[in-house]
Structures are given as C-alpha cells and as structure tokens.
Amino acid sequence: MLLHIPHVLTREQVRACRARLDAADWADGRITAGSQSAQVKRNLQLPQSSPVAQELSAQVEQTLRQHPLFFSAALPKRFFPPLFNRYEGGMNFGNHVDNALRYLPGTTDAVRTDVSATLFLSDPDEYDGGELVVEDTYGVHSVKLPAGDIVVYPSTSLHRVEPVSRGARVASFMWIQSLVREDARRTLLFDMDMNIQRLRERHGDTEELVGLTSAYHNLLRLWAEV
C-alpha cells in the first residue's frame, strides 16, 4: 500500500522546521547507507548526532504517532528516529531497497523496517526533479508532494529519488517497525478501519458495525506482534 497523507505538518510548522534545517551543517548522505545503497546515493544528510536533528526528529515522530490516519496505515510499534536529507545540484539516489534492519544509534537494538515514509519539507515549485519513484506490484509511482505532506509505502519496495536540477529538495525520511509486518495484512486492516469509520459517520454504532469492529480487532489480535 502506498498512501499519501496531506497536511501532517502545518505551514507554520514547516517554516519553523525549514528555518532550523537551512541553518544546519549537512554531511554526506552515505553515512547511513548500506554497502549497495552507498554506490547510488548522492545527497546531503543531517548527522544523527546533531542537536537540531535530534530535536526535529522527536517532533516529527511525536506528530506522526498522534496522527490517526498514519497510525491506522502503519500500525507503528517502533520508529527508527526520523532523519533529514537534502538534494541539490544534480544529487539523486538510484534504485535501491531499504535495509531490512536498522540499528538504533550506539546500540545493538535493531528496528525491522516494515514501513518507509517521506515527509516533504519543500514545495514542488521550489525545485525541479527530485521525484520519489516507488516500484511495487501495482506499477511505478512518481511522488512529489506539497511541504507538510507525507507518503507511506512498504519498505520492500524498490525506489529512487530522481536528480534535482534546480533548487533544493528537503525532506524527513524514516522507517517504522509495524505491529503487523506483512503489507497485505496491513492494507486489509487499513481498508477495514477506513470503512468502519465511514459507516459509523453515516449510520452510528449499529449492531452490524459493532460486529465489523470486533472482526477488525480480532484480526489485529491474530496478526499483531507485540
């Protein structure tokens, strides 16, 4: 499932975040790449040790944990702390699949990457190129969203970032270990949840809706890893 969630951050939040990021010291983005990804990764990244990165990362994670649509889609169990990258002057990231495991900084504690997400912090008119291209079983998807919007997709997807030929593409990117590791099961649960909410708005808590809600939670109980 590839999902676009609009307005995760307000315009004011985006402006405040960008002001901090634009004044920060960036490093070579290959510092967090695996051996294969490092060969095709050409971007800048805010070091995880940076106080600015740590503060903004915590804010992004807190916002997403409290967002009902994101929670329903990702069913987050654990986050790898959100990171920040920047593409400019022809930078790009070739086709790759995210590492299956990410180790929390300074530990041997691993986060399984089930869900990947990119939170856009630049508007489309600020740069040329820079599309996130995600390939899955349903085809090829080119994503370029307004600042403050996020795209969520399975970490098993082959994806790339096209070269940026003008301006700068700034974003936060992250990985989530889900309570439900399989994308097909998460998609089914998400579709059920969305339709349950629509039925509740239209008809209230009918006996049939209570039954559907029970089925949702029993499926989650069956599939969740806690």
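Placed from the backbone N, Cα and C atoms, the Cβ positions cover glycine too.
Taking the Cβ of His159 (Fe cation binding site) as reference, residues of its chain lying under 8 Å away and at least six apart in sequence are, in sequence order, Asn95, His96, Val97, Ser116, Leu132, Val133, Val134, Glu135, Tyr153. Residues or ranges marked as Fe cation binding site in Swiss-Prot (evidence: sequence analysis): His96, Asp98, His159.
Annotation for Arg169 (2-oxoglutarate binding site): spatial neighbours Arg86, Tyr87, Glu88, Ser122, Glu126, Tyr127, Gly129, Gly130, Val161, criterion Cβ-Cβ under 8 Å with sequence separation of six or more. Sequence annotations record features per position, and here Swiss-Prot assigns 2-oxoglutarate binding site to Arg169.
The feature domain 'Fe2OG dioxygenase' is assigned by Swiss-Prot to 78-178.
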Please spell out the DSSP helix, strand and coil residue counts for the domain 'Fe2OG dioxygenase' (78-178). 3 helix, 65 strand, 33 coil
Under 8 Å by Cβ from Asp98 (Fe cation binding site), counting only residues of that chain that are 6 or more apart: Ser37, Thr113, Ser116, Ser155, Trp175
